[in-house]
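Taken from Swiss-Prot, the feature active site, nucleophile covers CYS129, CYS132. Here Swiss-Prot flags 249-264 as compositional bias 'Low complexity'. Summarising the annotation, Swiss-Prot assigns disulfide bond to CYS129-CYS132. According to Swiss-Prot, the domain 'Thioredoxin' annotation covers 73-206, on the basis of sequence analysis. Feature annotation from Swiss-Prot assigns region 'Disordered' to 238-275. According to Swiss-Prot, the transit peptide annotation covers 1-72.
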Amino acid sequence: MTEVISKTSLFLGACGNHHRVDDFSFSPVSFGGFGLKKSFSCLKLKSQKPLRSVFYGKQIVFGDSQDESFRRSSAITAQTTLRIGTAQKWWEKGLKDNMREISSAQELVDSLTNAGDKLVVVDFFSPGCGGCKALHPKICQFAEMNPDVQFLQVNYEEHKSMCYSLGVHVLPFFRFYRGSQGRVCSFSCTNATIKKFRDALAKHGPDRCSLGPTKGLEEKELVALAANKELNFTYTPKPVPVEKEAATPDSNPSLPVPLPSMSSNDEKTLVSAGR
């Protein structure tokens, strides 16, 4: 018994010798004498590190399961947030090759000017407009059925100032442009009145040749866009042709020359002959 107590004291002394500031450990000590022999492996405790031990030749890790669950939950939340942030917007779904979004007033003007004789449909929409969202799949179908027609999308929320200068105050709103005619029609419609859109495509969609240059936006609209200080757009108004003044009539117009009057002798002769 005395031997066991002394060995226990040695065991505790060994523990004291291996104590450090950031951990504590127990050195392996063997007990014997009573037919019982066990070995205690070194046990270490460190801040924010899992506990490790050796049990029958296998390594056992003691960790905080709550921390692990928290890390997994945080990773799942971050992945979910990333997926939501990169979700495709409704006005970007189903787009065709002849559909694109306008990013500036200059791009809108250039797109209409360079369209030539092609029919151009300008679609004014807003992300928060329920009617615009419901109508979008139909517009994509029309674009697919009419590959020769150019569809331009204008986001009202991103280009409010430009839409105000163009006089757009209702959504969804559409403008049709064609060659030298410029704007051929404009209207607002929903799924209930989609016939307006279908009829406009049928009327202005067939191929035709313009006799003049492509018009695009009207002169007053271009001037309004240039006057808008919030837009990075410049435009030089076309010179107004001066009408030629009408020729003023002469103050002394030429009058016909009167016939010479007959002399008194001739009159007497005629009277005498009559007698």
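Just so it is clear, glycine is given a Cβ too, placed from its N, Cα and C backbone atoms.
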Message = Treating G and I as helix alongside H, and B as strand alongside E, what does DSSP give for the domain 'Thioredoxin' (73-206) in helix, strand and coil?
response = 60 helix, 29 strand, 45 coil
Query = What mean pLDDT score does the domain 'Thioredoxin' (73-206) have in the model?
reply = 92
